[in-house]
């Protein structure tokens, strides 16, 4: 089994680093084009219709045609916008989405024209924190787009997005703490190497569930697409955008989906390690094969995104906030304490740490399910109390005698 050697990072020739950067960029672009088409096809099938079927064979060129259409559209700038910020917001939104993918390991070490290099652009001792920071910067583009548009609906969408990121970035960060305790590192390649024998999804199931819910909220996808709710805010923060500027926001959304899916694969599903039973085959985790396993796992999460969009209705804003602050964050804190205690018992020679961890995982999962059911259940709205005639803000109505006197 070939794990990336940390000494390999930063020693590649310039042309190899450039080639890996371009390859990652092309990989993300192709993933976005494929994801848009597959999502529309799957939604069509789930809604008993065909989906895109006109452009190209079986509609396979529909995403490319949509991209060309957006590129050729006139770039309108509405009157009353803050033009510099209005034009800069899509750029701020899309660049961090690509940058965050630079520390994701796509495979082990391979040989390219005689140079041994990992299938990863670079790695850092705090690579996971770097991803969290990069994805958090992207929300500034959304907030600035809402602020600079000079319209009420985009502004409300930007405010919702900022509140959403603040709420769910905390839960997402806390879900990683248990992984750090087990792996002993924040390096993405080190976390993948720590899952050589057992994936963390089996050991840290509550952290995985919290992360899955948080990643959907982090990317503004259904049922958490409150910043761009069509029925409430028209189009949200990109209501006033068209042509390439709108395309950049859409590109950033799907690249973020790919990034958080790749991060979930890295943190919980063993990264590029082959799943069972392929891991029993000699050479399944060497060469270029890990790239196939990694891509398959990422597309599993992408399908989850599409499935949720076709299945679940949008949550109310109060339900969304209650889920983040009253369920995910407390459960994450409780689970961190459980994992820390079990790790401490294991270091002191206690042999029953696995049973403790499994029991605690069951308890935390039950608490998480109960919290979800409690926060999302339909609440009974109490009718407003009846107001007396003289109570504020209803003014006293004139009596019949007063009206007759006024008419006379």
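Every residue gets a Cβ built from N, Cα and C, even glycine.
Small disclaimer: the values here were computed from a predicted structure and weren't measured.
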In Swiss-Prot, one of 18-38, 39-59 is tagged transmembrane segment. Which stretch would that be? 18-38
Among 353-373, 374-394, where does Swiss-Prot put the label transmembrane segment? 353-373
With a cut-off of 8 Å between Cβ atoms, can you find at least three pairs linking the transmembrane segment (198-218) to the transmembrane segment (321-341)? Only pairs 6 or more residues apart in sequence count. yes
